[in-house]
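Okay, so here's the structure we're looking at.
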Amino acid sequence: MKTNVARLAVAGAGLALALTGCGSNLGGGSGDGSGFPGGDPVTIYVGQDPGGSTDLIARALADTVSDDLGVAVTVENKPGANGALAAKELAGKEPNGHTLMVYNGSLAYITPLAVPADEALDIADYEIVTGISQDDYVLVSAPSSGLKTVEDLKKAGKAIKYGTTGVGTGSQLSQALLFAQTGIEATAVPFDGGSPTLTAVLGGQVDVGAIQLGEAVEQIEAGELTPIVTFAEKRPSYLPDTPTAVEEGYDVPVQQSRAVFAPKGTPKEVLDTLRGSFQKAFGTDAYKKFNEDNQLTPNEVDGTELRGQWTDSLDNYKSVVEEHGIDLGAGQ
Amino acid sequence: MDLSPVIDGFGVVLEPTNLLYCLIGVVIGMLIGVLPGLGPAATIAILLPVTFGIEPVTAIIMLAGIFYGAQYGGTITSVLLRLPGEASSVVTVFDGHELARQGKAGTALGIAAIGSFVGGTVSIIALSLLAPLVAGFALDFGPPEYTALALLGILLVSTVSSGHRIKALVAASVGLLLATVGRDGFTSAERFTFDNLSLADGIDFVPIAMGLFGLGEILYNLEERHRATQAPAKVANAWPSRKDLRQSSGAIGRGSLIGFVLGILPGGGAVLSSLAAYALEKRRAKDPSRFGKGAVEGVAAPETANNAAATSSFIPLLTLGIPANATMAVIFGALLIQGVSPGPQLVSQEPELFWGVVNSMYIGNILLLIMSIPLVGLFVRILRVRATVLAPITVLITLIGVYTVNNDVFDIVLVIVFGAIGYLMKKLGFDPGPLVLAFVLGSLLEDSLRRSLLIFDGDATGFFTRPISGTLLAAFVLVAVLPLVRRALRRREEEHVDSSA
């Protein structure tokens, strides 16, 4: 069921349990988070439409977090501008732990390369509750094209047309980097999301395309798509026979990553309580199966480590993009 | 042809939820068909937010039910009150109301219901046979083909539709312009966003449709003073006699065919086909003077045709992703919001949705046939609800509804703005239909065009060398030039007549 606003069951019994996560600081007044959640509901923003991977992840977690905190946890979709709309709204919310967001990594470390500087969001303006998981991109071609390896692409003897899932996405960045580093002449053709990109590759409208693994795996298994490389750091367990671009000698790990964000200034105790609840949710069998079904690699690190990962990615991409003179904004 | 997905589709329809929503859809459809003013496009637009909480197939089953249900409902007021509830039932007034005055209201309604059922069924069967054929080309449809298709769709809708042609083209241009608002998907440059992040993804389809069709129509209707409804004639012997049936069987057959063909054509639809079917019967009749004095065929033909057209207008939408009329544009929007993009891939990628919706039309038509006669009395009573009560309630539902889509107050502002625009357009004789259609197809047209040019390395001749897009573009030129040629020919003919006289 896709419900725009999913009201989840309130389990009062979990309250005492949740409070134990607050640590030893019991003396403070209001604002230090000792009373969190205090019976008030928690809202998790999703910057994408209902039904997309980010939305599904938020909903997969919300149930258990709600049970653990003992209050209702509501997933609210605020789609727009690749998630920037929801992120801006989050930044303006009271930092009390009652408003959170599932934040997409691409918004933090790829979109800033494509949009004007004053529009780019800075993750320093948010607190990070916890990392969630990573989604790998795979470069695919139609079997009829005969393109099976990066070598084949080099020898194609023509400018490669590559489909991307949009401007400022990991799909575009990963391919732009690969082709720039291999010196392959290539033109990006942006589509609107994974499914149209997939169709364009299948129909031979473009030569190759990079799609999130979960969206392509069915066709790969059916032999309708040939996986060329993945852009992961190491081979994803779901695609053991496909080399990574790094193995092939190109320095282009690009992943979609997701994390739970809170407004800047949310007290540490509240963040810790929330992280405890999310970790409980990560540990359930249902959630582990959800990850497997959707080809997601867990990345359940704490806020500090995640901030490090994403900041490194942004710095990395900034320098390689500059080095190769890639302009994501121009779509080429 | 592999029949198993078709049969699975029946399984989908017969799920209790879907049956329920099918029933809800056709009842709402009949209801708004009875109410003059509020058309199916407006109703579906207003009800869009309701559909987000339910499964796509269930949602579309309900919306489709509203559309063809309205064709049944419109007949009732035409016959009983000489007050067409829908534009597509205008011609039914001539003979339908005459029959009612002769005390044969039941005959007229019965014939209309039977004709509608036959017309609808013929169209569904043809839809079932035709759609998979088109879907066979699914993977050959790339950006160039979509470019040509969107161009053709916009042109057809603005030129074939009823009303003033220049005004329709103006409305379509405004729609295209509105479609450019938002962050450009190719360069991420901001266009007409005025630094408002709410506009970064462009204007949402829902507030436009709800504003122009919903709010605009309600406002416009408020201006019209409603005539006091007279007590309707008693409806007796609802079942037409065998003689009536025999007399109208030819009209029903021809009406089905006309409705089916005209319904497929963009801009054709229910209104045009009902007019065409009526005209044909009158021309064919041995005694044309009977028409307007209570000829059964005069009811059977248009009512069959409008329902056949309502059904067949789903063909271009479900197979090519091109909405043929305003109502289809709103259903197109509903599908997109549900994450389903209508197009040649729909039949193979979403067989459950496709066949579920198609097969639900059989059930819906049977439900309508059963219900239409006993519910007549109820509907007539609803007509007495005054606009002063109905209009504020509808406005409230519209505004709450649009807020629930994105939980964004900005959308409410948009609905009000577009409601005002819709009202002014109607007042100045502009049909909002082409605007909404062009808006829906505008981003498809632009994105596909630019994608194609990237694929062709900027060489536009590629559009003409690919067989499908070449054919579509040839059709485009034909449609654009044909009216000019016809006008020139007519002028020459007139001159000829003048000189010979």
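Using the three backbone atoms N, Cα and C, a Cβ is placed for every residue, glycine included.
As given in TrEMBL:
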type     : residues  : note
TRANSMEM : B:18-38   : transmembrane segment
DOMAIN   : B:19-437  : domain 'DUF112'
TRANSMEM : B:45-70   : transmembrane segment
TRANSMEM : B:108-134 : transmembrane segment
TRANSMEM : B:146-162 : transmembrane segment
TRANSMEM : B:168-186 : transmembrane segment
TRANSMEM : B:257-280 : transmembrane segment
TRANSMEM : B:317-340 : transmembrane segment
TRANSMEM : B:360-380 : transmembrane segment
TRANSMEM : B:409-425 : transmembrane segment
TRANSMEM : B:468-485 : transmembrane segment
Would the transmembrane segment (B:317-340) count as touching the transmembrane segment (B:18-38), if touching means at least three Cβ pairs under 8 Å and pairs must be 6 or more apart in sequence? no
The transmembrane segment (B:360-380) vs the transmembrane segment (B:468-485): 3 or more CB pairs under 8 Å: no
Candidate ranges B:45-70, B:108-134, B:409-425, B:468-485 - greatest C-beta contact count to the transmembrane segment (B:146-162) (under 8 angstroms): B:468-485
For the domain 'DUF112' (B:19-437), mean pLDDT (0 to 100): 83
